[in-house]
Amino acid sequence: MTTPSAPLRIAIAGLGTVGVGVIRLLATNAGIIAARAGRRIEVVAVSARDRGKDRGVDIAPFAWEDDMTALARRDDVDVVVELVGGSDGPALACSRAALAAGKGLVTANKAMIAHHGLELAGLAEASNAPLKFEAAVAGGIPVIKGLREGTSANALTKVYGILNGTCNYILSTMERTGADFAAVLAEAQARGFAEADPAFDIEGVDAAHKLAILAAIGFGTRVDFAGVRIAGITRVRAADIAQADALGFVIRLVGEADVEETPQGARLLQRVRPCLVARGHPLSAVDGPTNAVVAEGNFSGRLLFQGAGAGDGPTASAVAADLIDIARDEVGAPFSIPVANLAAIPPAEPGERTERSYIRFMVKDRPGVLAEITAAMRDGGVSIESLIQQGRSAEGGEVMVAMVTHEGPEANVARALALLEGSDSLAGDPLVLPILPL
Ligand SMILES: NC(=O)c1ccc[n+]([C@@H]2O[C@H](COP(=O)([O-])OP(=O)(O)OC[C@H]3O[C@@H](n4cnc5c(N)ncnc54)[C@H](O)[C@@H]3O)[C@@H](O)[C@H]2O)c1
Ligand SMILES: N[C@@H](CCO)C(=O)O
Ligand code: NA
């Protein structure tokens, strides 16, 4: 007769959207999980800011710790699940304590992994403890698993996609309803998609955290968050979304990474920026808090991972999948390759790359302005494919001028715009949005 395996005993630090989602999922799907994990997964202890808060789940059966580091060191815990958030502070302290004590760590915290992932992976490898973070990138989509396992036999040429549910919710809702940015952001916050500080979402930082993690796994490089070039969506206006629509595009916040060979050696390009995406491109149909990641492998071809990128259920699903892997003893190097063997690739300069762009100006409505802009484009070496001026303003007011360029070096657009800097024909800085190739 066989003895049933001992349960995997977990502690949960952080009982917010995701923490409560994990407690619910582990209870609702306990039977399925035990069957697939080969043993039960049991919550033994929890910690958060406010013990008495009504969270809609009963935490009375679990031991309570005020101090998350003490939680991480408990003798009756095998794996700590960090769902607090923040790159440093109690999340990092409790994660370090868990790994140093030889316990497993599961986290949804992309900020922490982007900043301290190599240190934590080093601790995990030193004590042969599992460190897993599927929920940190693209919520419920198994994209870390997809790249660590599914494409592991490939050299990846490119990884890109929609990595922030809040921005995607804002952009696609504004597109559909014409609603105001601030109102839609408030809805995303109310629905639990946004970060505690939503500036991380709308400024592109959250997507950059995720991109740096994906690039590390996809290309076998050291995580280099500082090397990501970041632009968020705060400068995108409803008028840009309407103009893009008229041209046959939607606007999406896209993170992209690739490695290019240059005469100076390999260079890692990582950037997050709002892009025009042609209707017909797979990313154009990605709406609401959905995420999508495209990975191009030299043997697999183009793979598309798509699904819910945020929210309690999908994120809890990814956390629980990591726990099941740990319960099955399916562990490996956190970044697929041991930390010591990850490559350090310097960041690429994008200026020599070519692309088509949408450029939007707000200009004073007076004679000669268009000539000034087109002269700057000519002198910067930018070829204009189409140019649209919207309406007329009241006398002396502002109008929007949008153009689409032919494909050309990115550096030329920067050069042309530098020629316009300080011009009193312009009201504010122009907005440049690249057009994502099909
Ligand atoms: N919400 C999502 O859709 C989602 C998706 C993927 C990843 N994540 C990540 O999961 C983590 C948790 O996100 P969330 O949305 O559940 O956050 P949340 O704000 O809803 O919950 C955070 C929890 O941590 C506790 N906490 C925060 N700071 C604390 C402190 N200084 N001391 C003690 N307790 C503290 C809070 O009391 C709360 O219980 C974050 O790293 C986030 O980036 C969230
Ligand atoms: N704030 C994040 C949560 C999921 O990581 C988002 O909107 O995508
Ligand atoms: Na994921």
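Note that Cβ sites are derived from N, Cα and C of the backbone, with glycine treated the same way.
As recorded in TrEMBL, the features of this protein are as follows:
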type: TRANSMEM; residues: 6-27; note: transmembrane segment
type: BINDING; residues: LYS110; note: NADPH binding site
type: BINDING; residues: GLU195; note: L-homoserine binding site
type: ACT_SITE; residues: LYS210; note: active site, proton donor
type: DOMAIN; residues: 358-438; note: domain 'ACT'
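Positions of TrEMBL features highlighted on the structure.
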residue : record                    : Cβ within 10 Å
LYS110  : NADPH binding site        : 30
GLU195  : L-homoserine binding site : 20
LYS210  : active site, proton donor : 29
Rounded mean pLDDT for the residues that make up the domain 'ACT' (358-438):
93
Quick check on the domain 'ACT' (358-438): DSSP residue counts for helix, strand, coil, in that order please.
23 helix, 30 strand, 28 coil
